[in-house]
Amino acid sequence: MSKNKLSKGQQRRVNANHQRRLKTSKEKPDYDDNLFGEPDEGIVISRFGMHADVESADGDVHRCNIRRTIRSLVTGDRVVWRPGKPAAEGVNVKGIVEAVHERTSVLTRPDFYDGVKPIAANIDQIVIVSAILPELSLNIIDRYLVACETLQIEPIIVLNKIDLLDDEGMAFVNEQMDIYRNIGYRVLMVSSHTQDGLKPLAEALTGRISIFAGQSGVGKSSLLNALLGLQKEILTNDVSDNSGLGQHTTTAARLYHFPHGGDVIDSPGVREFGLWHLEPEQITQGFVEFHDYLGLCKYRDCKHDTDPGCAIREAVEEGKIAETRFENYHRILESMAQVKTRKNFSDTDD
């Protein structure tokens, strides 16, 4: 990881956090500053409890404690940390994370108990992995795309297992993927088994921090293992060889480096993005091809369904918007309403 010089704004934030920590430490003792060396730059490659693994500028990984004044720390955060000094009895003291730089982006997911929960930071792009088996679901792809648009993180759609397609199947799948190509999304067709299409994907990942999203069974872990060039798999397979059905993993989010350049954060928290915390207007904005027609409906409170004078529905009827996308839009709204109803019912039970 290259060592970046702090900007004036970043330095001010680090100093402000440090002063806030010093103020808090007067009220309640934190860690002894004499136990730690000089501040350095680093990136969080994994977080668990009150500890984090921080990679320094020279590529070494250090186990660190986290200052109590740091309110949020996730994999991908760029931090100021200090190494621990050797203790008198020869045991090394853990390092300490002192401050967190401002995030360029934050990947969040809704949580019934904690509201919106951050799971990764400074993501450049989300790689949406789908596959023809167990089944190709455009509805799930559309859910991921809405999440990406809401988070303002660039998506790439990757269709895996293309080696299982014959010519007729490939033509059909390409027709489905053209729906997304035509509205500006990048689509890559790959096979982690034969490694077809991996070179363009590797090029798209170079120099960027990515996170792979996909349901169990799409071959996400196999794809990551192929890209990482691992001799021994360190990412748990997300599909059972015997049944063909997906199985869950419980590992914490962790950042890995691609040999061709670029990084990936592997996290079990992005198998499926919940959208129930969003408002219907945010879902509408999440369909990029709707933008040209928003505000053109006859009624301001148009639900974009059977309402008379709906500009979006008319665009669908004229073939300007894909019917499958329009149908999935309403499926997402319906599923959101159902989840919110269950959540409200559960809250009243408490």
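In case you wondered, yes, glycine gets a Cβ from its N, Cα and C as well.
Given the structure is predicted, the values throughout are model-derived calculations rather than measurements.
Pulled from Swiss-Prot:
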{"type": "BINDING", "residues": "Asn160, Lys161, Ile162, Asp163, Gly214, Gln215, Ser216, Gly217, Val218, Gly219, Lys220, Ser221, Ser222", "note": "GTP binding site"}
{"type": "BINDING", "residues": "Cys297, Cys302, His304, Cys310", "note": "Zn(2+) binding site"}
{"type": "COMPBIAS", "residues": "1-17", "note": "compositional bias 'Polar residues'"}
{"type": "DOMAIN", "residues": "104-273", "note": "domain 'CP-type G'"}
{"type": "REGION", "residues": "1-33", "note": "region 'Disordered'"}
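Positions of Swiss-Prot features highlighted on the structure.
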residue : record              : DSSP class
Asn160  : GTP binding site    : strand
Gly214  : GTP binding site    : coil
Lys220  : GTP binding site    : helix
Cys297  : Zn(2+) binding site : coil
Cys302  : Zn(2+) binding site : coil
Cys310  : Zn(2+) binding site : coil
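Of all Cβ atoms in the shown protein chains, 20 besides its own fall within 10 Å of the Cβ of Ile162 (GTP binding site). Checked against Ser216 (GTP binding site), the binding-site residues Cys297, Cys302, His304, Cys310 differ in C-alpha distance, with His304 being the nearest. If you measure from the Cα atom of Cys310 (Zn(2+) binding site) to that of Ile162 (GTP binding site), you get 38 Å. Cβ proximity to the Zn(2+) site centre (mean Cβ of Cys297, Cys302, His304, Cys310, cutoff 8 Å) flags the following additional same-chain residues: Lys298, Tyr299, Lys303, Asp305, Asp307, Gly309, Ala311, Ile312, Arg313. A C-beta separation below 8 Å, combined with a sequence spacing of at least six in one chain, links His304 (Zn(2+) binding site) to Thr284, Phe290, Cys297, Cys310, Ile312, Arg313, Tyr329. Here the Cα atom of Ser222 (GTP binding site) is found 44 Å from that of Cys302 (Zn(2+) binding site). Packing around Lys220 (GTP binding site) is summarised by its Cβ count: 28 other Cβ atoms lie within 10 angstroms of its Cβ, all protein chains included. Most Cβ neighbours within 10 Å, among the binding-site residues Asn160, Ser216, Ser222: Asn160 holds that distinction in the structure as shown.
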